[in-house]
Amino acid sequence: MSTIAVLGAGKIGEALLSGLLHAGRAPESLLFTERHPERAADLTERYGIASTEVPEAAKRADVLVVAVKPQDIEPVLDQLAPLVGPGSLVVSLCAGLPTALYESRLAEGTPVVRVMPNTPMLVNEAMSAISPGRHATAEHVRTVEELLSSVGKVLVLPESQQDAVTALSGSGPAYFFYLVEAMIDAGILLGLPRAVAEQLIVQSAVGAAKMLNESAEHPVLLREAVTSPAGTTINGIRELEKHGVRAALLDAIEAARDRSVELGRPHQQG
Ligand SMILES: NC(=O)C1=CN([C@@H]2O[C@H](COP(=O)(O)OP(=O)(O)OC[C@H]3O[C@@H](n4cnc5c(N)ncnc54)[C@H](OP(=O)(O)O)[C@@H]3O)[C@@H](O)[C@H]2O)C=CC1
Ligand SMILES: O=C(O)[C@@H]1CCC=N1
């Protein structure tokens, strides 16, 4: 079995490690690197996965998954440059960073695949979009697809769509959590105990997600089925429209896309 090293086991790095273990991968086939020894020790204790340093990971692993913040990429590239080449596979989870950045800094021919996953990886429900770089073959794409389909759904898309993907599915879970949080607050406002409001909204979110996933109907029709003539829902919808919630979502997702572009800008070639 191939060895996978996650460089930077923060929130998404840990979600990937945990998701892979959950999917049945052996802890011995995984490695990670972390800056803080206490964090590394805690992860090893919880998951039984060994930590190491970036150069050692580059030597031992077949697949190197880069999961540091985009702002922290430079020292990682410096450490990887003398050690990785066409025989390795570099998988970048970093928002905004183009495959061309890795290709320009690592040995000629190093295969790089850019991925935008999301944290529902923790519960095997990730949405990941993957885009091969210049030297990644169909076999490399298959390897990454296989890896990520063990923790959720995968789409292969052109790299030119990755900033939009980052805004939609990379950041998307945060917007759903934000809505749930606000709806629980509404329950409190209406006098419900917090635990009751939480249960009502979380189960409604789970049910709505399941219907979206399992029904062939468009979301508009699913919403219309809840909206009875002269009923309660249409009164709520009118307020959402008055407050421009649809426009706010369009602006929010566009702003997230713009930030992804900005994160990659210092690294644009030419
Ligand atoms: N969180 C999410 O939902 C998603 C995140 N991503 C991408 O994943 C990447 C990580 O994001 P996220 O997990 O949220 O961020 P975190 O800050 O939680 O994780 C990054 C981790 O990498 C560590 N780190 C930084 N530099 C090094 C290094 N040289 N060697 C080893 N470890 C290092 C950081 O340590 P320290 O604490 O010291 O900074 C931190 O623990 C980003 O590029 C982001 O764009 C992609 C999809 C979804
Ligand atoms: O907020 C971020 O920058 C990362 C990328 C997508 C989700 N989290």
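Positions of Cβ are set from backbone N, Cα and C atoms, glycine also.
Bear in mind that TrEMBL entries carry predicted annotations, made automatically and left uncurated.
The feature domain 'Pyrroline-5-carboxylate reductase catalytic N-terminal' is assigned by TrEMBL to 3-96.
Of all Cβ atoms in the protein chains displayed, 18 besides its own lie within 10 Å of the Cβ of PRO70 (NADP(+) binding site). What TrEMBL lists as NADP(+) binding site is ALA67, VAL68, LYS69, PRO70.
Residues annotated as domain 'Pyrroline-5-carboxylate reductase dimerisation' in TrEMBL: 159-263. Averaged over the domain 'Pyrroline-5-carboxylate reductase dimerisation' (159-263), the predicted model reaches a pLDDT of 97.
Summary of the NADP(+) site environment: with the site residues ALA67, VAL68, LYS69, PRO70 set aside, the chain residues having Cβ atoms within 8 Å of the Cβ mean position are GLY8, GLY10, VAL66, GLN71, ASP72, ILE73, LEU93, CYS94. Helix, strand and coil content of the domain 'Pyrroline-5-carboxylate reductase catalytic N-terminal' (3-96), in residues and according to DSSP, is 44 helix, 18 strand, 32 coil. Remark: secondary structure over the domain 'Pyrroline-5-carboxylate reductase dimerisation' (159-263) totals 89 helix, 0 strand, 16 coil, with classes taken from DSSP.
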